[in-house]
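Working notes, beginning with the structure itself.
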Amino acid sequence: MRIKLVLNSEKNFISLPIHHNEIIQAMLYKSLPSSIAKYLHDTGFFFNGRKFKLFTFSKIYTEKFIIKDEEIFYKTPITIFISSAIEDIGLNWGENFLKKDIVNLGKNKLFLEEIQILKKPDLKETNIIKTLSPITVYKTLTKDGKKFTQYYRPTDLEFKQLIKENIKKKYSILTGMNIDDFEFDIKLISKFREVPLKYKNFFIKGIEGKFKINIDPVIFNAIYDSGLGAKNSQGFGMIEIINTKNSVV
């Protein structure tokens with residue numbers, strides 16, 4: 001399920017730290033029943049020892065923003081897209097946001113101006129997508145006895161391979177069915193932008209751009225609202241289909 005949130009304030013601008021994915025994530029956890037939030041945060045969904053949260057969110061969209069020192073000022077209202085492949089999570093978000101008089105986003109007190117459940121697009125074998133938040137693809141490697149994170153770009157073969165492996169794991173969790181192999185391709189069709197985002201004192205590299213993706217629509221339909229790539233619940237990998245319509249942002 002995918003939801004569009006439009007949040008407003010009595011102020012013309014709200015301010016956040018430049019790196020604020022953790023603040024948006026906290027808002028989303030606090031907008032779920034405590035039992036669901038605790039389960040997602042502490043446990044999540046497992047596949048071969050790896051934990052998945054199966055939700056994601058976009059960056060903040062606004063008419064205007066200003067960066068000054070270590071802060072970013074967003075003109076209100078702001079728009080955030082949130083989604084989860086688990087429908088119950090999306091339904092609880094919708095119910096809880098509707099009940100809130102005040103939505104706390106960091107130090108900002110906002111109110112809900114608009115909430116909209118977005119219809120899932122008609123997914124085909126070939127789709128054109130754009131990122132609503134950066135896609136991050138990486139491996140943890142070891143050199144000279146020390147671990148390090150190797151990030152991959154769309155020009156690297158590993159970019160496609162690791163996204164495919166990630167899709168297989170999510171599909172298995174969501175459907176209970178394992179898929180040994182499937183046709184998959186993802187190709188960059190625009191210039192890409194590498195975006196470093198800080199989350200809990202660690203920098204994560206993500207990619208923004210437009211892609212052509214080839215995938216079985218049944219598989220894509222199952223995982224679409226969980227995001228592509230890794231670290232989705234930290235605000236990475238939210239995508240939008242732009243096959244035959246204008247972008248929502």
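From the backbone N, Cα and C atoms, a Cβ is placed for every residue, glycine too.
Listed in TrEMBL:
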| type | residues | note |
| --- | --- | --- |
| ACT_SITE | TYR29 | active site, proton acceptor |
| ACT_SITE | HIS41 | active site, proton donor |
| SITE | LYS53 | site 'Transition state stabilizer' |
| DOMAIN | 119-241 | domain 'CRISPR associated protein Cas6 C-terminal' |
Lowest local Cβ density (other Cβ within 10 Å) among recorded positions: HIS41, LYS53: HIS41
Cα distance (Å, whole number) from HIS41 (active site, proton donor) to LYS53 (site 'Transition state stabilizer'): 8
C-beta crowding around TYR29 (active site, proton acceptor), within 10 angstroms: 14
Within the predicted model, mean pLDDT of the domain 'CRISPR associated protein Cas6 C-terminal' (119-241): 96
Number of helical, extended and coil residues in the domain 'CRISPR associated protein Cas6 C-terminal' (119-241), per DSSP: 32 helix, 49 strand, 42 coil
Spatial separation of TYR29 (active site, proton acceptor) from HIS41 (active site, proton donor) - C-alpha basis, Å: 8
